[in-house]
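A.B. asks: Residues annotated as transmembrane segment in TrEMBL: 12-33, 95-114, 126-151, 163-187, 199-216. Annotated domain 'Potassium channel' per TrEMBL: 88-146, 175-216, in sequence order.
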Amino acid sequence: MALTGGPCIQQSITLIIFLFLYFLYLFLGAIIFQHLESEREFYLRSQYEIYRSQFLTNYSCMDEKSLELYVQKLFIDYKNGIIPPGKTTMWTWDFLGSFFFCLATVTTIGYGNFTPNTVGGRFFCVIYSFIGIPLNMAVINCIGQNILLLVQRIAEIGYQRAIRMLTNVCALALGVLFFLLLPPLLFREIEGWTYDESFYFSYGTISTIGYGDFVIGRIPDNLYPL
């Protein structure tokens, strides 16, 4: 009787190798991020401690516990979309903000800068995302298929490998241009970010990572188009 364990053993070895590389990649990434970010975090923490100490000294009527409670309240309000002192021209749940939330939901970006706080809103969010996420995937797939078909038709005109390669490169260049290079210019003008911040936001959006550290409509006193 022939042994059939060979392919299974090979797949197991491949899985182990991939898992090792995966966790090694995560481990190395953690080391690099710690090296890049920890110094600034330490600086910001020390500046906060200095500011808190000066604040308590200047306003002796407020004790440390009251100050911490106030800071926690500010943090919760900001997470819920209320930006002190509340002068922003873009409301969290106006039509534009709601549309932005719907887009972040169906694209699975999930910035997390604001979320539904009512029972009805959360329940509807579950149903809405359950239908909207597959719909979004179908639309993206349809767009990709049409772009691929267009590239293939252009390539078939000359029946040459060079033309196919050129059309693929052009398609890639146009995609990078319209989705990564041009949007930061718009965000820079509207949000007042630098180009690198705008590019970082665009990439986080396109890749559906959605860290939430840069989101639109969060700058007080900024005049947003309605």
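Cβ coordinates are placed from backbone N, Cα and C, and glycine is handled just like the others.
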A.B. asks: If you run through the domain 'Potassium channel' (175-216) with DSSP, how many residues end up as helix, strand and coil?
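C.D. replies: Output for the domain 'Potassium channel' (175-216) reads 28 helix, 0 strand, 14 coil.
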A.B. asks: Where DSSP helix means H, G or I and strand means E or B, what are the helix, strand and coil counts for the domain 'Potassium channel' (88-146)?
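C.D. replies: Secondary-structure breakdown of the domain 'Potassium channel' (88-146): 40 helix, 0 strand, 19 coil.
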